[in-house]
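Only one structure is covered here, and it is reproduced in the block below.
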Amino acid sequence: MARARKRDRLRWSKLYTFSCFHQPHTDEAAGPAAVSGSPVGGPGFSRIVHCNNSILHRRKPLKYPTNYISTTKYNVLTFLPKAIFEQFRRVANLYFLLTAILSLTPVCPFSPVSMIAPLAFVVGLSMIKEALEDWRRFMQDMKVNNRKVSVHKGDGEFEFRHWEDLCVGDVVKVEKDQFFPADLLLLSSSYEDGICYVETMNLDGETNLKLKRSLEVTLPLEEDETFKDFRGVIRCEDPNASLYTFIGNLDYERQVYALDPSQILLRDSKLRNTAFIYGVVIFTGHDSKVMQNSTESPSKRSRIEKKMDLIIYILFTVLVLISLISSIGFAVRIKLDLPRWWYLQPQNSNKLDDPTRPALSGIFHLITALILYGYLIPISLYVSIEVVKVAQAHFINQDIHMFDEETGNTAQARTSNLNEELGQVHTILSDKTGTLTCNQMDFLKCSIAGVSYGVRASEVERAAAKQMASGAADQDIPVQDVWESNEDEIQLVEGVTFSVGKTQKSSIKGFSFEDDRLMQGHWTNEPNSNMLLMFFRILAICHTAIPEVNEATGALTYEAESPDEGAFLVAAREFGFEFFKRTQASVFIKEKYTSSNGTTEREFKILNLLEFNSKRKRMTVIMRDEDNRIVLLCKGADTIIFDRLAKNGRLYEPDTTKHLNEYGEAGLRTLALSYRMLEESEYESWNAEFLKAKTSIGPDRELQLERVADLIEKELILVGATAVEDKLQTGVPQCIDRLAQAGLKIWVLTGDKMETAINIGYACSLLRQGMKQISLSTTAGDQVAQDAQKVPLHSIFSYTPSVPKYKSF
């Protein structure tokens, strides 16, 4: 097989000294000592996987479940008993079953067929519907189980097998845009450094790509032939539902290496932006984490069906009362009047009309009355409902208005029992990013050294202004009409040309910036050009992205973990600082305007990278420049950065804060940028502490990492701030307006600042002029806020047509 590796890549495992507080992985330098004290082997950590030797897992005691999955509710043996049980959970069906049984007795006033036939029809129709829906689940399972993946069969040769035929210990090769067939340990990838990008949308709904990396010791397993003699033993935790944790170790070549979640590829996640990966199967089938999180298909009942049960109880109570009164009256008449009506007396008296035993006759008459008046409970209603549900499910599946052209998928009514729930929605709870917005970031504005750059208005800002100025609420004009009348002015069409000073420039994906002061090298004429230089270098260096060259067009693109990072890199390139290459421990930048020689290639050696996560809310890169200076570059939430500024680093804080507020009011996402110069001795001392915390294993490891990171991420100097735009999805204002007109309450959760959230509310028609606004906020004394370490306030908007108001928390 031709070598398909992409060379000159960074060895991430030597740089990721702070990996989201996850369990670290170790390499040759760590050795067995790194896993001392590990819980592996104890209770809950008993799984043993023999890599590339799956035959050992086909028999006890190391036999594990197959990779076959089933999400059906029934099988051939359980369908009848389980389906019948489900049908008679309905109160009406249970009542008609009892009535049908009583109709077989002599007290029944009419033929039993008239009671049994409708019941059999209703139950039969419902069971057929259940069978069809479960058959569709079965076919979906078969489609998944019959997917194919390349598996090592021995002697360095791979063959395609169905997913269901995989076993624990198999070595598989997954190619770009394929799903992972089981939970895998990443061994190597098409990148020289064993990294790969993973999309976990099917697991957690996140569209941002996750970066995974293999152990360095397995990097030589780069081709099919290298697996001929590959052997290893994995000892790890037992199957569990935790998607973000993993504890284990790999015994390979007489060394033991700790494993962590960054090496685990979960089933149903997808390989992205990576040509291929090799991995060994750890958990299969229902042992995989995604299946551990799934539950058996429940029997779902709608609120209308539950309400009908309540009505049935009421009707049954009325029926019993009518039958009881009728029976008492019958017993009294039998005892008092029947002896005098000698001409009505039967020749052979029985228990039903025996005047000597009126109580017994009354009891039999009660049973007869319950059967006779039983049609007070309408079995035909259930017949009609079942037919309507089947028809509704068919129409939903065929609805062309719910067809997604991008994916080619139609709506699927998987549980027709809940069709009517679609009409019972009264409250919509939504997040903002990726739901109301496109999650496509464009660099729009920035603040550098206390000066704001960027003159173009954001889409949210213009839409909000038009909405507020239109006076739609005061004039009782539907928002939809206002939006549609101005849609050509509000919508931004990709590919349109716009003016940049006196020149024309095509729109660039990820870059919507307009300001002649920074473009075409004009930034060198600004008073604080040294701070501008530092700002652009932070954009170009402080990230985890990888540059990729499009083979068809030759254009350079960036594979970033978040769309924000991608926008920063595009902006840096447009400003003249093009990130174009990574090597083993360096980042290379092409700088256009920093010297008189034209474009200059500069190398910045990456010493440490402290990753961004939701807890830290900042990212730090420690690098060594060409002048042998050690520089710490840090970007993050403004509240986090401002708290870590040095006394002499707050020169631009007032102006930057003002600009950040303005950007927030324009509906833009903001980050603050800062730096710090480090002495060699200070860095060496800190790095020793950090490496010690990194290789520790124990419950306090996260606290150690956080403590050591805090030692270096302080005394920062503020450089400026960025503002990126996340455009609204097409049709969001019209959709929200229609939902509001239908009487639905709409709540939107966002992590943006208050001003940003309010303006986005106006832009998407969630808020209107004239609405009553209620603002609830807190700055101190809240334990939740303390635990969250001063996270930005979450804003929630609620809209109720009858009582217009806005709430934020």
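The backbone N, Cα and C atoms fix where each Cβ goes, glycine too.
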Of the candidates ARG669, ARG676, ARG707, the one that TrEMBL places in the ATP site of ASP431, LYS432, THR433, GLU565, PHE612, LYS635, THR750, GLY751, ASP752: ARG669
The transmembrane segment (113-132) vs the transmembrane segment (91-107): 3 or more CB pairs under 8 Å: yes
Pairwise CA distance, THR433 (Mg(2+) binding site) versus PHE612 (ATP binding site), rounded so that it is a whole Å: 18
Spatially closest candidate among PHE612, ARG669, GLY751, the listed binding-site residues, to ASP431 (active site, 4-aspartylphosphate intermediate) (Cα to Cα): GLY751
Sequence-distant neighbours of ARG669 (ATP binding site) in its chain (C-beta under 8 A, six or more apart): MET441, ASP564, ALA723, VAL724, GLU725, ASP726, ASP752, THR756
Intrachain C-beta neighbours of PHE612 (ATP binding site), sequence separation six or more, cut-off 8 angstroms: ARG618, MET619, GLY636
Residues of the domain 'P-type ATPase N-terminal' (49-116) by DSSP state, where helix covers H, G and I: 30 helix, 3 strand, 35 coil
